[in-house]
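Scroll down for the structure; my scribbles are underneath it.
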Amino acid sequence: MVHYPSDRTRRLSDTIAAIATPPGQGSVGIVRVSGPFCRQIAEQVTGRVPPPRYATFCHFRNRYGEILDQGLILYFPGPHSFTGEDVLELQGHGGPAIMDWLLSSVLQLGVRLARPGEFSERAFLNNKIDLAQAEAIADLIESASEQAARSALRSLHGEFSAQIQTLREQLTELRCVVEANIDFSDEDIDFIERGMVAERLKEIQSTLQSIHRSARQGALLREGVRVVLAGRPNVGKSSLHNRLAGFEAAIVTDVPGTTRDLLRENITIDGLPIHLSDTAGLHNSKDTIEQEGMRRTREELIHADHVLLVADDQSGLTEAEQAILDELPDDVTYTLIFNKIDLSGAPAGRWEELQGIALRLSALTGAGMDLLCQRLKECAGFDRESEGCFSARRRHLEALQRAGAAVVVARKILGDKGAEEILAEELRQAQNALAEITGEYRSDDLLGEIFSTFCIGK
């Protein structure tokens, strides 16, 4: 992997430091230092350079020799460290005052405060990890479920990157064959065994589709699904919200219009993160507060991934529900929920209406909730039993889609006479799209966008 000099790589001459543990009180706090002056920092703060990779007890002192704290110091000489540079960790007591005091003392020794994600960025620039692995670090820290953590670990261990690298090597081999044919076009030599190339392209396309499915599962685990509850007032939206959330997050009364503002909860269903929104009931009202609540409801519907349109089972689907359906954006999926079967006496069930999939349930008793949970996983395309998925982001999915589109074009034009140059270009486009995932083909703007979302000290 080759990275070219930029302002970012030139800043590697700086020594950086940051608190690496979460803010607040704790038994242990860590100040992490990386860069060429780690040995000098160790001597200044503790009076000696500790043996590499051994935890050594010491007193931490400021530049005037005053004791700040006591704890452990660890020294990792580069390149055998996380960042590939000399790294120092000062592990003291985890009070915020102690940590700030210790960090300030280190910064007074000519060290710069690290930017968010700069330690991981240096690991990437020093070829210790690729870009997908760097992103997996942040994903692992932010994991909201066991499944999300497992998928992030697989990416961190390089499983995602290894599959991408294998595909790039296969595309390189095909490009060599195609470009050799272009170079010797005047010598009546045909290097392309079109049957072989066609078969290889078919295999690459199939592998890309498989990787995309796994990556999409990982993206779902990371980003979750935005689900919005909508409907007329007093149809049980808030009761359904509370049932899904597992506690009484929303106030529930018999008075229509009780919910006047958005109420959001983050929940998980079998490991699938769901960002759930309860909204104000949509109806004709002259009340200023209700009108503002309904404006926010409509705005929330525009940004939804899936809408649960709740109706009263005793009333059925009315013109009011149909009007809400007509307002939904074309790319938003929805499920019709006929609630309150505890009053109508109908059994829980699922069927298909002219307008789409419908469920009959009771938010009060919980009857039919298993059908709703299954429906939400189905709409998201989530498979809890899917093994081998890895942490992925929207940019990864977009890159895989672009690579797949280029391979599709390559397969179509393979049999066209004189299309070798276009074929080679499509293969190159597929290669570059895949290289964006691991960072071998990237811009500094992309790096800035990615690493700025990391926590400081990582």
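Every residue, even glycine, has its Cβ placed from backbone N, Cα and C.
Keep in mind that what you see is a predicted model, and the values were worked out from it rather than measured.
As annotated by Swiss-Prot, (6S)-5-formyl-5,6,7,8-tetrahydrofolate binding site applies to Arg32, Glu89, Lys128, Lys458. Under the heading domain 'TrmE-type G', Swiss-Prot lists 224-381. Look at Swiss-Prot and you will find 234-239, 253-259, 278-281 tagged as GTP binding site, backed by sequence analysis. Annotation source Swiss-Prot lists K(+) binding site at Asn234, Thr253, Val255, Thr258, citing sequence analysis. Look at Swiss-Prot and you will find Ser238, Thr259 tagged as Mg(2+) binding site, backed by sequence analysis.
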Arg32, Lys128, Lys237 as binding-site residues, winner by CB count within 10 A | Lys237
Expressed in Å to no decimal places, the gap between the Cα atoms of Arg32 ((6S)-5-formyl-5,6,7,8-tetrahydrofolate binding site) and Ser238 (Mg(2+) binding site) is 46
Measure from the CA atom of Ala280 (GTP binding site) to the CA atom of Glu89 ((6S)-5-formyl-5,6,7,8-tetrahydrofolate binding site) and give the result in Å, rounded to a whole number.
-> 51
Distance between Asn234 (GTP binding site) and Lys128 ((6S)-5-formyl-5,6,7,8-tetrahydrofolate binding site) at the Cα atoms, whole Å?
-> 57
Counting all other Cβ atoms within 10 Å across every protein chain shown, which of the binding-site residues Asn234, Ser238 scores highest?
-> Ser238
What is the Cβ neighbour count of Glu89 ((6S)-5-formyl-5,6,7,8-tetrahydrofolate binding site) at a 10 Å cut-off, with all protein chains included?
-> 19
Cβ neighbour count (10 Å, all chains) around Ala280 (GTP binding site) is 27
